[in-house]
């Protein structure tokens, strides 16, 4: 974890309610895709957790959805403004244990961390297939960026207005290994069709670094903090009935 | 001027190099902060509340936000007394050499007595802070701390099993906090910690349900600081015990204000969650601020109002 004043380089709308913020910082603390940052938002007491989409040594990209007053304020910040940020939080995807040819599945605002993961897999010399799910065409974002890392991209929309009609689970029968991030309902639906994998969870957080116990979930290996032991978990340890 | 300022304090016989402690429940057992700053800078370290048995706590969501503060309904999640003694305390000792304040919760008088008796045997613990004020559990917690008779009974039960200083941590959800403080004083307390969270609620307009899964949750943060100051001041004038002032403190000025209201030591809570460096920054800023205000030591400003 590092705290810094990051400089906003861009903060632009990608699709309906979806924004991309690129930040510059002297030293970036991210070490794995799937990690997140806690951003201080003007006039808000608690920071907001946003997963990192991609990062390198001195800049990082956060793609977020406007869901409330905090993220609305975030979306109105301008390039050049500085923002207090805790970076490098949580346990991300463990690229080493992901097999070659793994499928990455992202739903809605769960898609951005998959881009960083796709990049990391390519760097590690592993191929991947990508399945992206959206509600409708005007919410589609980031599809082209995935083309830098794989040719095998399937886009699903619930209303069929873009790509194929259906949910991400309609894009395959069963999978041996998948990495996923998206709404809880999507992850739970995937659970029955995926043998093994790493799933990223969302939670309402207090601190984001393991101190407040605000986001503790019950798992097969005991209580785990989404912000500290997670947000990415081996799917085998999750107890769906408690989530 | 030019003389160094003295920011040390004495809490019921225990010398602290400065008055700043993290509040229970915002600092775990130190591990999450060990790479953030040198914990040995703290006046003392207050642990997350310990109960006899391990507790998972309440269902999620447990966190909500409000103007100038936050609500939590964690529900005393902790690994239990044995884990605390065998793992958390020894691990904390590896990264921190200063005074440890063990915070204890219970669901019956016997449980407080039993946990306190066992924690008493831990040499590393210098002060016991007895939480009779958690707003987030259905039995015990603030039900004890809002009843003077029960507060006195628990104080006495803990007093019977330990010679270590005991600070009773009080709830603000009472009509007259001085009545509870005086009951603890009669029960043999060495000090009073106040305040714990205010019982509060937030509702999501779309779902028409409370944001936290538990209907009522505890309000903390800058929003409660002036009320905490008032309550510290009331207790300061009502009984002779030293006070640890808690509630919305986040900087050196807040510390000095709380001490002027009557506190001897102070705890920083929610602010740690927003900025984990808060305790360190506050401790670093304190001598300069004291100098600027012409304060040589904290004793001379204690309870000036």
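Heads up, the Cβ atoms here are built off N, Cα and C, so glycines get one too.
Model, not experiment: these values are computed from the prediction.
Per TrEMBL, the features are:
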BINDING   A:48, A:49, A:50, A:51, A:70, A:71  FAD binding site
BINDING   A:207, A:212, A:215, A:227  [2Fe-2S] cluster binding site
DOMAIN    A:1-96  domain 'FAD-binding FR-type'
| field | Entries of A:49, A:70, A:71 which, being binding-site residues, have CA atoms within 10 angstroms of residue A:207 ([2Fe-2S] cluster binding site) | value | A:49
| request: Have a look at the binding-site residues A:212, A:215, A:227 and say which one has the shortest Cα distance to residue A:51 (FAD binding site). | output: A:227
| Across the domain 'FAD-binding FR-type' (A:1-96), average pLDDT on the 0 to 100 scale | 95
| Which one, from the binding-site residues A:207, A:215, has the smallest tally of other C-beta atoms lying within 10 Å of its C-beta? | A:215
| note | Taking DSSP helix as H, G and I and strand as E and B, the domain 'FAD-binding FR-type' (A:1-96) has 9 helix, 49 strand, 38 coil
| message | Spatially, and counting Cα to Cα, which of the binding-site residues is closest to residue A:227 ([2Fe-2S] cluster binding site)? Options: A:49, A:50, A:70, A:71. | response | A:49
| field | Additional residues around FAD, ordered along the sequence, whose Cβ is within 8 Å of the centroid of A:48, A:49, A:50, A:51, A:70, A:71 | value | A:36, A:38, A:39, A:47, A:62, A:64, A:74
| said: Below 8 Å between Cβ atoms and chain B: which of A:50, A:71, A:207, A:215 make it? I'm asking about the binding-site residues. | reply: A:207, A:215
| task | Determine, to the nearest whole angstrom, how far the Cα atom of residue A:215 ([2Fe-2S] cluster binding site) is from the Cα atom of residue A:71 (FAD binding site). | result | 19
| said: Can you tell me the CA-to-CA distance separating residue A:48 (FAD binding site) and residue A:212 ([2Fe-2S] cluster binding site), as a whole number of Å? | reply: 15
| task | With FAD as the bound species and A:48, A:49, A:50, A:51, A:70, A:71 as its recorded binding residues, calculate the greatest Cα-Cα distance and give it in Å as a whole number. | result | 15
| remark: Integer Å value for the Cα distance linking residue A:49 (FAD binding site) with residue A:212 ([2Fe-2S] cluster binding site) is 14
| query | Just the number: how many Å between the Cα atoms of residue A:71 (FAD binding site) and residue A:212 ([2Fe-2S] cluster binding site)? | reply | 22
| For residue A:51 (FAD binding site), the number of other Cβ atoms found within 10 Å of its own Cβ | 27
